[in-house]
Every structure is written in structure tokens, then in C-alpha cells.
Amino acid sequence: MSPRLGRNVRLERLAREVDWADLGSLLSPLRAERGGRPPFDALLMVKALVLQRIYALSDHGLEEALDDRMSFRRFVGLSLEDAPPDHSTICRFRNRLLEAGLGEALFVAFERQLAVRGLILKQGTMIDASLVATPFRPGSRDGRRAPVDGDAANTARKGRPGGHFGYKLHIGVDHGSRLIRRLVLTPANVNDTVPADDLVCGDERAVYADKAYAKRARRQWLGVQGIKPRIMHKSWGGGPPLTRWQQRHNALIAPIRAQVEGVFATLKRWRGFDCVRYKGLARNRNDSFLLALAYNMTTALRLT
């Protein structure tokens, strides 16, 4: 069979350029289960989950793609004779990653790879948050009470009628590369500013953020660390209007800070994260790290 059959250049580059052995070294807790060997290699399954998030596939869709697409089989390491993992196996493996806390660990390990390769520029971190819906919201289906995600919450959306029930994704993005460096998932009613300090990496030159993050204590905290607080100024109710300098400051920051919105657009429009897939904060948090891992892998290809 021709080696060019079913070629996918992007996946071939991922197979070569990612240090999979480094990621695989984290998976030792998953290599044995109940005294026996799992039916599929743990690294093969991680690669499958990366494919799932790159192509926004369901578990059933991933099973079918692994059975049908030669490029997918080659990427994960399945031979022509190997049966692919089915949807239930994929689901169970994802849950095992969650139990071992490995979704976040894989994301962090790959971020280290990116830093070693010089792809993380550290010129600044752009922070922002975006609402993510859940299918498990209050209501009824066919006269029956629908299952509700007890970890999700409702919040009002400024300028829009009705509320939003679900979660909020907070990210810190490297300015210049648009690689995700930090990620926090919270219920939708958590104010943007609450987890903001957790999005600061500590090695960047500046932090860029909109008015929602404007706090004097935060500016001082960043300054003490030698990080420039490029946070837009806010005119507080009853207080004086912004000075000309503050207005100029905001105008300079706005186009840089707005770049993070392009990252959210990619995650939602092309990676399927406009709505979470699972019930519960822990499961969706684990999935968000897998999503960010896949996003960073494909973004790194664009940078090299």
C-alpha cells in the first residue's frame, strides 16, 4: 500500500514535532488497571483524544473516524488489522484521565515543550473570559424534568435579554503567539476578576486586560512582580471621568487585548466549545484542558 494513501500533512507534522514520549511518561498510572494491562496503549488513547478535539468529534464520531480514516489510524498508531477503540472505551479512558488529574498535567507538560522550543514569547499575557453553555439546563423535555448540571450556574448578560446558564472559561494567552498558557473553568456566575490572578504566569513582561479586571490592588501586585499592568482604566460610577492619558492608555491596549477574542472564536467555532459536553465542573474542566492541548498543538504548527 502506498505510504501516501490517506496522507494528512498536519497530522504528520504533529506526529513528528510533538515530543510524545515526554507526554507518555506521565501516563504510567494508566498503564495497568485491576492487575491487568489495558486493551489500548494509554498514549494511543491520548492521541485519539487530541484528534477528537482538533476535529470536534463526538465519542461515536471518533470511533467511526478511527475505523475509516487512514490518516487517523496512522497518527494514533493503529495498524490496518487493529480494531479501533469504541465509544465506550474512549469515554472510560477520558474518565481515567480525570481521576488521575492527567488532563491538566498533559497541558502543562506540552506548554513546557513550547517554552523549550522558544514558541512562547513571554512579551505579555492577554486575559479574558467567555461564557460557555451547557445542554443540562433547567427546563422540561416532553413533559419530563430535564437533567440539570448542579455545578453550572446562571448569570445575566449585559445588553441581552434573558440569562445564561452554564460555565465560564477564563484563559491567559501569550501575546504574539496566541498560545494558551493558563486556563480556569468556573460556573457562569463567577466574576471575571475572581480567578484573574491565576491566569498570570509570572514570567511575562506585561498583562493585557479589559476594564473588568481594573483593580488598584491588581495593578500594584503586578508592579511588585515587575510585570507591566496593561489593564484598561475604568470610570467608576460617581467618580471623575477618565483623563486624556487614561483614554489614550485604553486606546493603545484595546487592539492587543482584543486578540484573545480570536482564540475564543477558534475554540467555539472550530473546536466545538460553544457548549460543554459533560455534566459537572470536574469533567468539563478536564475536557477544557484537552481542548487547550489540542489548540496549542495546532497553533504551534502555524508558528513553525
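For all residues, glycine too, the Cβ spot is worked out from N, Cα and C.
Here TrEMBL flags 7-96 as domain 'Transposase InsH N-terminal'.
TrEMBL lists 123-297 with the feature domain 'Transposase IS4-like'.
Here TrEMBL flags 138-159 as region 'Disordered'.
As annotated by TrEMBL, compositional bias 'Basic and acidic residues' applies to 139-148.
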PLDDT averaged over the residues of the domain 'Transposase IS4-like' (123-297): 93
For the domain 'Transposase InsH N-terminal' (7-96), residues assigned helix / strand / coil by DSSP: 60 helix, 2 strand, 28 coil
